[in-house]
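Q: Take a look at this one; I'll ask things after.
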Amino acid sequence: MLIDNYGRPWLKLRIVVNSVCNYRCIFCHFEGQGKFLSRELSAEDIGFVTSVAKDLGVDDFKITGGEPLLRKDIVKVVDEISRIGPKDLSLTTNGYFLDIYAEDLLSHGLRRLNISLHSLDRRKYSFITGVDALNKVLENIDYVSKLGFRQIKLNVVALRGLNTNEIPMMIRFAAKYGFVLQLIELMPMGEGFPVFARYYDDLSDIINWLNKHGKLLGTRKDLHNRPLYEVDGVRVEIVKNYNNPTFCAGCTTMRLTSDGKLKTCLYKEPVVDLWPYIRTRDREGLMKAMIYANSLRKPNFVEGSSGDLSRIRIKVRIGNLVY
Ligand code: SAM
């Protein structure tokens, strides 16, 4: 297992498999890689990268995009990764195409799904995503709930004055299916930057509500020290990452862009280009490039990194953690 210079192991790889989407979410951060990249790694390229990452101790892979289900070969991508035998393999989607792919994805080794569902109100959902598709996505959610995935999570980006009043309703919805609810703080990146002043919510009201109506179970040490709550039998995960030292201290992830670069952090440089080693199937070169990238990982709050301590706003105390 690789450990970075700040004592953080590298355990997870987030794989951005494309840069196109059928939605136009008002806040999309494009996974920090920008829109419409010219090169797209093939399924075999992705299989090669994940097999080398696995040799370095990375055992947990998340597929994202763009919209990953816009890739016609998405089942092959899943197959390529699952054949290396990872501990976990999950995929984040807007849910629109799940009726087409979910069964095949499951049978080829996908274990978990994250489905973005930013509102249960049709008008608001359309406004947030740019697509009038709530009913279709709800039908798909109902369908996939019966297929036997190990876990399904609903991803909700909290948007002040838009969907933050829907959290109790979302919890009831998640309870109906036995899903996990993941509440995500809006990041000022990509399209998220211009809407940040208007819709950013620091989650403190939601956390107060969770403290009152549920109980804090602990934090996910393997994943950014995320606080975990339970409310009415539903597990609620809080992703509070904006200028958050506790979050960065628990980072175990790097990100593979759809054109073959390894991002050491979602929010900033440096990025190591793996493409020359992927293209030539140079296993040793790729391994060295990954080890180098790991050595460049730096938490956002460390002096000299692009995040700067003076901008950190301490808002909420949860147990002995301060957010
Ligand atoms: N198209 C897929 C989807 O909508 O889920 C996968 C790609 S999307 C970029 C991955 C996740 O990032 C989604 O759950 C999305 O809601 C979240 N996300 C996008 N922009 C964000 C932002 N500015 N701040 C926080 N989360 C964001």
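Using the three backbone atoms N, Cα and C, a Cβ is placed for every residue, glycine included.
Values in this document were obtained by computation on a predicted structure and should not be read as measured data.
For reference, TrEMBL lists these features for the protein:
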- 5-226: domain 'Radical SAM core' (DOMAIN)
- Arg14, Lys62, Thr92, Lys153: GTP binding site (BINDING)
- Cys21, Cys25, Cys28: [4Fe-4S] cluster 1 binding site (BINDING)
- Gly66, Ser116: S-adenosyl-L-methionine binding site (BINDING)
- Cys248, Cys251, Cys265: [4Fe-4S] cluster 2 binding site (BINDING)
Q: Output: those binding-site residues from Thr92, Ser116, Cys265 whose CB lies less than 6 Å from an atom of ligand 1, in sequence order; none if no residue fits.
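A: From Thr92, Ser116, Cys265, counting a Cβ under 6 Å from ligand 1 as near, the near ones are Thr92, Ser116.
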Q: Out of Cys28, Lys62, Gly66, Thr92, Lys153, the binding-site residues in the record, which is closest to Cys248 ([4Fe-4S] cluster 2 binding site) when you go by Cα distance?
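A: Going through Cys28, Lys62, Gly66, Thr92, Lys153 one by one, the Cα closest to that of Cys248 ([4Fe-4S] cluster 2 binding site) is Lys62.
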Q: List the Cα distance (Å, whole number) between Lys153 (GTP binding site) and Ser116 (S-adenosyl-L-methionine binding site).
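A: On Cα coordinates alone, these residues lie 8 Å apart.
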Q: Once the chains shown are all counted, how many other Cβ atoms turn up within 10 Å of the Cβ of Thr92 (GTP binding site)?
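A: Thr92 (GTP binding site): 21 neighbouring Cβ atoms within 10 Å.
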Q: For the recorded [4Fe-4S] cluster 2 site formed by Cys248, Cys251, Cys265, which further same-chain residues have Cβ atoms within 8 Å of the site's Cβ center?
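A: So the extra residues in range turn out to be Arg8, His224, Phe247, Thr253, Leu266, Tyr267, Arg297, Lys298, Pro299, Asn300.
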Q: Check the Cα-Cα distances from Cys265 ([4Fe-4S] cluster 2 binding site) to the binding-site residues Arg14, Cys25, Gly66, Thr92, Ser116 and tell me which is shortest.
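A: Closest candidate to Cys265 ([4Fe-4S] cluster 2 binding site), judged by Cα separation, is Arg14.
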Q: For Cys248 ([4Fe-4S] cluster 2 binding site), what is the secondary structure state per DSSP, taken as helix, strand or coil?
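A: The three-state answer is helix.
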Q: Distance check, please: Cα of Cys28 ([4Fe-4S] cluster 1 binding site) against Cα of Thr92 (GTP binding site), rounded to an integer number of angstrom.
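A: With the alpha carbons as reference points, the distance is 14 Å.
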Q: Pop the Cα-Cα gap between Thr92 (GTP binding site) and Cys25 ([4Fe-4S] cluster 1 binding site) into the table, whole Å please.
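A: Each residue's Cα considered, Cys25 ([4Fe-4S] cluster 1 binding site) and Thr92 (GTP binding site) end up 14 Å apart.
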Q: Compute the C-alpha separation of Gly66 (S-adenosyl-L-methionine binding site) from Cys21 ([4Fe-4S] cluster 1 binding site), stating it in Å without decimals.
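A: Per the Cα atoms, Gly66 (S-adenosyl-L-methionine binding site) and Cys21 ([4Fe-4S] cluster 1 binding site) stand 5 Å apart.
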Q: C-alpha of Arg14 (GTP binding site) to C-alpha of Cys21 ([4Fe-4S] cluster 1 binding site): distance in Å?
A: 17
Q: Give the number of CB atoms, excluding that of Cys28 ([4Fe-4S] cluster 1 binding site) itself, located within 10 Å of its CB.
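A: That number is 18.
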Q: Please report how many Å separate the Cα atom of Lys62 (GTP binding site) from that of Cys251 ([4Fe-4S] cluster 2 binding site), as a whole number.
A: 15
Q: Based on Cα distances to Ser116 (S-adenosyl-L-methionine binding site), point out the closest of the binding-site residues Cys21, Thr92, Cys251.
A: Thr92
